[in-house]
Each structure stands twice: as structure tokens, then as C-alpha cells.
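See below for the structure under consideration.
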Amino acid sequence: MSSTSDERVYRHMKQSYSTLKSIQWQAVQQALFWTNSTVLTMFGIFLWIGHFSKDRPEVNEWLAKYLHVSVTVEFSWRIFFFQLIVGLVVATVVGLVSGYIAGNLLKKRLHSLWEATMNLERGMLSYRVPELGSDEIGELGWQLNRLAAKWEGQVASLQRLSTHNAELHDQVKAAAVTEERQRLARELHDAVSQQLFAIAMTTAAIKRLIDKNPSRAAQQIELVEEMAAGAQAEMRALLLHLRPATLQNKSLGEAVEELLEELKIKHTLDINWEISNIANIPNGIEDQLFRILQEALSNSLRHSRAHSITVKLFTLQGHVRLRIADDGIGFDPEGEKMTSYGLVSMRERVDEIGGAMEIYSSPGNGTQIEIRVPLLLDVHPKGVDGENDPGIVSR
């Protein structure tokens, strides 16, 4: 499967790594430049002293008087070039070693900043930059930690607000139910009602063709069968939205398992799941994740033409993760379907609880949707992280 967001992250990582390598190489180049420049400057001075002091007593007197330098050895070009070559070799070795060490230290410090930004981009808000010193890079790391802490606090506040919204009074819930009913009524009219009208019209045409053109009538009957199957799929998908909007005193895992058991009985699809026993998830997050799952399953039943659906619910690195995958026809993530009502609604629900949603799909290769929500309200699952949780319920 492919994902434009995944490709962008991969390209960004490659560019970052190449930039870090170039920084280390630049440090080596600078060290080589300064060490060799120093050697060449020193030998230039020695050349000037040795060459111009030869047979010139006044130069020797000036050097002894002002620079306290006494030339006692006769200048030799052979010795000069030998010492120059040795000096350049030593300077090159010193430059390579010192440049590599300094560049490697700089690269490690910058890599710590890069790793922190990548983790924050993935939603791992608890990650912190280690101490990097008191210079500009250390100051940048400290500012990045402040930003992460502030962001983490904002997401925690967002989750508390979502939990509070889940416990609002009956009037607000009744308004939400009314709005959902109106939406379902529109979808029934736009999808199922039109298909049933088309079936009725086609059936009337079949009555006229049955005697005059039996082969054409047979084709029309096949078309009616296809339209009836489509209407049935639409109805099954819409029925998912008629389930309760809240979990009704059930845990998220129990409600998800009950929903999938019901779908497995009513549909011919191969439905599999792995549900981890996750405790102490705030009510607002549970409700939103359940509605997101309903929307994702509805989209898959209506549009994907899939033969199998797999659902996983687990924790990993302090995040609740919900993964829905099917083997359907897939779609282009950059196409119009990314702005469809179902996907837009899912993204809005994910944003309300401070999570992130990624969609992996391509035509002919199915679709996978993964939702990650950080647990920031002192939530500690009973089991260990994710797929190693001993309490996983699988089908």
C-alpha cells in the first residue's frame, strides 16, 4: 500500500540524514583548512626568515633586536621541503581526526533535535530532548522541550474537554441524535431511495420487453440484481449508524467486539479482530473511537467491495491505536474521496481528542486506516504495550 503522507515523511528523513552527514563532512573540511593553513603560514614565515637573512647581517640584527630570533642554521631547500611535507601530513592527520570528532559530536547533538521533532510529528508528546549544553544548540533543545510540554498540556486539556462533552446533558445529546437522523434520512433519500426508484423503473421496462426481446430482458434482470445488491449494501452500512452513540456502560473493547460479532453474523465478509483489554480510557476518547470505527466500517461496506476486514485495538508507546484494514478496491489518497463526508467526519473526531489519523491506500490494493491517540490523563493500561498484551481477544 502507498500513502502520500508516508512518502513525504520518508523523503524528509532521507534529506535530514544527508544534511547531518554533510554537516560532519563540513566540520572535517574546516579542520583540514585551518590546520594546513597554519602549517603553510608557519613555513612561509620560516622561508622568509631563512631566505632573506642569508648573507644579510642587517636582517639578522633586526630579527634579533625586535623578534628575539637568531638564525644559526644555514638555510637548506632540501630540509625545508622535507619539513614542509612532514608538516602537511601531520596537519592533515590532525585535521581529519579533530574534524571528525568535532563533527561527530555536532552531528549527535543535532540528531537529538531531529529525533525530537520527528517524535513530536508522530504525536509522541512525552518525548524530551536530552541536555545538550549551554550554547545555542542547547538553548534550542530547551525551547523545544518547552514547546513539547506546552503542546502536551494543550492535548490533555483537549481530552478533558472531550470527556466533559461526552457527559453533557440530555438536551445536547438529543440535538446530536436529531442531526444524525437527518443525515441518515438524506443518505436514505440520496442513495437507497434512488436505487429503489431505478429498480422500479427497470422492472417496468422488463415487463414490456419480456415477450418482444427476451435476451434484452435478461440483461435488464441482471441489472436489477446488481442494483438490489447495491441497495442492500447501502442499507447495511446505514444500519451501523443506528447503534447507540455512546457505549452504554460498556468498555471500548467490549463494545467493539459486540459490534464486530454482529457484523460477522449479518454479513458474508470475513471479519477478524484483535482487541486488547485497555483500561481507564477517558469516556470522551472511547465514544469518539467507537464512532470512528462505525464510520470506517460503513465506508468499507459501502465502497470498498472488500472480501475481508481486519480491526485491531491496542496500546503502544503511550497511545491508543485503532487500525482498520480491508482488501477492497482501494483509492487514490490524493483524489476526491479524501474530502468525502465519512473521512472528513473521522478526521474531525480524531482532531477533537488530540489524535492523528493516517490513511494508506492505492487503487487495487485495499485500504488501511490507523488512528493514534495519546493517553495523557494519567492513564496506565493494565497490560503491557500493544500486541504483547496478554489480555488480547482475537478472532
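Cβ atoms here come from the backbone N, Cα and C positions, even for glycine.
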31-50, 191-210 - the one TrEMBL records as transmembrane segment = 31-50
With DSSP as the reference, give the number of residues of the domain 'HAMP' (104-156) in helix, strand and coil.
-> 39 helix, 0 strand, 14 coil
